[in-house]
Structures are given as structure tokens and as C-alpha cells.
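Database features, via TrEMBL:
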type	residues	note
ACT_SITE	Asp319	active site, proton acceptor
BINDING	Lys25, Gly98, Arg126, Gln173, Arg350, Arg391	phosphoenolpyruvate binding site
BINDING	Lys25, Ser26, Arg30, Ser171, Gln173, Asp319, Lys346	3-phosphoshikimate binding site
DOMAIN	10-424	domain 'Enolpyruvate transferase'
Amino acid sequence: MAQSITYTVNPGGNLRGEIRVPGDKSMSHRSIMLGSLAEGVTHVTGFLNAEDALATLQAFRAMGVEIEGPANGEVTIHGVGKHGLKQPKEPLYLGNSGTSMRLLCGLLSGQQFDSVLTGDKSLESRPMRRVTEPLALMGAKIETEVDGTAPLRIKGGVALKGIHYDLPMASAQVKSCLLLAGMYAEGQTSVTEPAPTRDHTERMLNGFSYPVKREGGKAMIDSKGSLKACDIDVPSDISSAAFFLVGASIAPDSDVTLKHVGINPTRTGVIDILRLMGANIEVMNERSVGGEPVADIRVRSSQLQGIDIPEELVPLAIDEFPVLFVAAACAEGQTRLTGAKELRVKESDRIQVMADGLQILGVDAQPTEDGMIINGSLIGGGEVDSHGDHRIAMAFSIAGLRASDTIVIRDCENVNTSFPEFRELATTLGLNLNSTS
Ligand SMILES: O=C(O)C1=C[C@@H](OP(=O)(O)O)[C@@H](O)[C@H](O)C1
Ligand SMILES: C=C(OP(=O)(O)O)C(=O)O
């Protein structure tokens, strides 16, 4: 078992400086998956060297793909083609990573061999029927535990057929799972989403010359294409940048520039929400890198105001709510989030766990079934539990900038799943954060 890490944040301070946060997690996963299935050698730069992305990388190595790196963010993938994966000798262990499990579940349903997907305690308690049910409609044979959780036992050698599926929830993982299965299905597979979600799978498939058609909220794929190796430059992860977008907004006298951040419009809800709250955020040097928009982002302190968060922004900021709740705690007036039930089935129940922690710190935070109501107030000190959820650990670290006393955060080891350099970069900018194990 991983060592238990505790963060201690001394109150106050400000954030100043220019940094580049690590590579985008969603794109790093997909670069390994698609690079492995491509014909030829794919070079990736900016790859996220963190546990979740490495879980995907190891899974493909276990299926016979030669992958060099990561070294300084560079990964070289010797693609085996769409039908070249080999049966893994052992179950594929995917750690804490929901994206790895759900996307792989679709991809492996179309292979000729059987496979088993496992994960840590958190991942093995997350709902998987959202992928196994539509895959079953395509003909896939997958066994789950009785409550629909992993381990997932996937039968190979099954003939998949294309379906149309209306997603019941806005989920890029479910959409991507079905598109990947659709690469092995007879006829067309199409997915309609109830609201836009991150579209890295569609963009990257096109980057690998695999046709994916899009019409409004519908994405369509069939099995006729093949993937051609390409070079991928993964930009910085806006979900990691988000901690500093909030931190520099709430801490007085702050001025931070975040370099080379991915600003795909399906990911920038955090900027929109913070701007609605009155944040001072400047998006500079916008450019396109490998089919994805990228920019440098400057953020300076401001007095945030409470708002009703527009529901259409929820899927576009889905991973940023833990730290947005901290922003709301520092805002003047009330902030209300609705339409965010999905937060309850992430690495932890992010509504309950954030509400519990904020209440311990003296904040008036009331959880609701699908969101939270927060009345801005002073943040005190205390001891909170991240429940092994990386984003909760980092969100409470940022709260320290406006706390009146020390905040102790338990169970922070999973920061390594998405942002191993968090403590180092945060302290470089000015956060008083110590880590002990
Ligand atoms: O497709 C992806 O890379 C992701 C999709 C989102 O999950 P859902 O599809 O479950 O909303 C997000 O929370 C996760 O961190 C990454
Ligand atoms: C929800 C997350 O990731 P995943 O679903 O891949 O575990 C996240 O990184 O916040």
C-alpha cells in the first residue's frame, strides 16, 4: 500500500510567478491508446508523468506494445495496428483511473482475447454499468460485480455491432468508450450527448487519420478506418492550472502566468465560471497545437462575488468543482451549484467530501443532491480528510491562502495520480505547504 501523506498548509501568503503545469491527463491517456493502435511510430511530447496516465501506459505494454519513456515528457510508441494487441498475461491494474478503465472497457470489448480490468478501492467502487450496458447492446460480453463495479471481465472474440446511443449523462468517458468499441463494430456506432463534453477522443482520432463524423451533439464512427502514427504535443492540463487560477484570484497581491495551457472550449468552464464571479483572467497568445487550442493564462487577485453557476457550464468544468468550492467560500455572497450529480461518483463523493471539509474550516457550505450552496465567509483552520481524492487534497491546500489558521489535510498520496509536482510548483509560487509521510 502507498504511504499515507499529510499536507500541512500554513495560512496566508500570495502566489506570484510564471509556471508550466504538467501535461493534460485526458490527452495523455488517449495518446497512448491511439498511438498503440496506430500503424507506425508515434512521438508524444508533454506527456503527463503521473500515476493515472502511467496506468494506461503500463496496460498497453502488458498488451505487447513497445513504449519508450516517459523521459522529460517524451514518449515513443511503436504502434501495433488496430488488430495487433496481445492478450495480457495478468489482469490489467488501472489504479485510481476511471478514464483508463472506461475507455479500455470499450476498446477491449472489440479484441479477440479475454481480459480483466481491476483498480484500487476507489476505482472498484465507481459505477461501470454506464459503459457495460451500452456495450452489451453492441453485443459485448462483460461481467461486473453484482453492484455493477469492477473488476470487469471482458470476453474476447465477440462480434460487435454498431448502435445509436443517447447518453443518459454528459460523460466524455462513456462517449469515448463507445467510439473506441465502434472501431471494431459492424456498421455505424453513434453517440449523442445531452450537453457538450470534452472532445479529445474525436479530435485525436482525426489527428491519427481515423474518420469520426460530428453533427451537433452526435459523434459517429465505423470500423473501416485505420490509424496512422503522428506526433502529439500534449499541452498543460487546465484541470491542474485551475488550482492556481483560483489561488491567485483569492490571495491578495497575486499575479500568476500559466504557460501553454490547453483551452479546448469543452474544458474552459472554469475560466467562464471564475470570470462570472469577477476574476481577473487574461488569456494570451492563443495558438493551435496539433488540433487543440493552447494559450498562456495570466490571473491576478480580485474580490470574487457569489453566483448561480449556469448548468450548461457544469460538464465543461467537471473536475474543477473542488477548487471552485474554495473560490465560492472566499466570494462575497452566495454561490449555488446545481445539475452536478456526477460529482458524487468521482474518485470520492466530491459534493459530500468538500462540504464536510469546508464545514470543518467554518464555512457555511450546504450539500444538495446535485450540487452545493456556499455562503462566502472567513476560512478557519482545522484538519480535513481528502478521502484519497487528489483534487480534494489540492483544493484544500489552496484554501490555506485565505485561512486564518493552519489546515492539515490527510490522505494526500493520490495527488500523484494527476499532479506529482503540485507541492513543488505551489511552493515556488508562494503557498506555505509542507508534506509529511
Ligand atoms: O474523458 C476523460 O478524460 C474524462 C472525463 C470526465 O469524466 P466523465 O466522463 O465521467 O464525466 C472527467 O471527470 C475525467 O477526469 C476525465
Ligand atoms: C475524475 C477524474 O479522473 P478519472 O475519472 O479518470 O479517475 C479526475 O481526474 O478528476
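Quick reminder: no glycine exception, Cβ is built from N, Cα and C everywhere.
Structure coloured by features recorded in TrEMBL.
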{"residue": "Lys25", "record": "phosphoenolpyruvate binding site", "Cβ contacts under 8 Å, 6 or more apart": "Leu48, Ala50, Asp52, Ala53, Thr99, Asp237, Ser239, Ser418"}
{"residue": "Ser26", "record": "3-phosphoshikimate binding site", "Cβ contacts under 8 Å, 6 or more apart": "Thr99, Ala172, Arg198, His200, Asp237"}
{"residue": "Gly98", "record": "phosphoenolpyruvate binding site", "Cβ contacts under 8 Å, 6 or more apart": "Leu123, Arg126, Gln173, Lys346, Glu347"}
{"residue": "Ser171", "record": "3-phosphoshikimate binding site", "Cβ contacts under 8 Å, 6 or more apart": "Arg130, Glu193, Thr197, Glu342"}
{"residue": "Asp319", "record": "active site, proton acceptor", "Cβ contacts under 8 Å, 6 or more apart": "Ser239, Ala242, Lys346, Arg391"}
{"residue": "Arg350", "record": "phosphoenolpyruvate binding site", "Cβ contacts under 8 Å, 6 or more apart": "Phe321, Pro322, Leu343, Arg344, Asp389, Arg391, Ile392"}
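Cβ crowding, taken as the number of other Cβ atoms within 10 Å, peaks at Arg391 among the binding-site residues Lys346, Arg391. Candidate recorded positions: Ser26, Arg30, Ser171, Gln173, Asp319. Those with a Cβ under 6 Å from ligand 1, in sequence order, are Ser26, Ser171, Gln173, Asp319.
Among the recorded positions listed (Arg30, Arg126, Asp319), Asp319 have a CB atom closer than 6 Å to some atom of ligand 2, in sequence order.
Between the listed binding-site residues, namely Arg30, Arg126, the fewest other CB atoms within 10 angstroms of a CB are found at Arg126. In this structure the residues listed as binding 3-phosphoshikimate are Lys25, Ser26, Arg30, Ser171, Gln173, Asp319, Lys346; their two most distant Cα atoms lie 19 Å apart.
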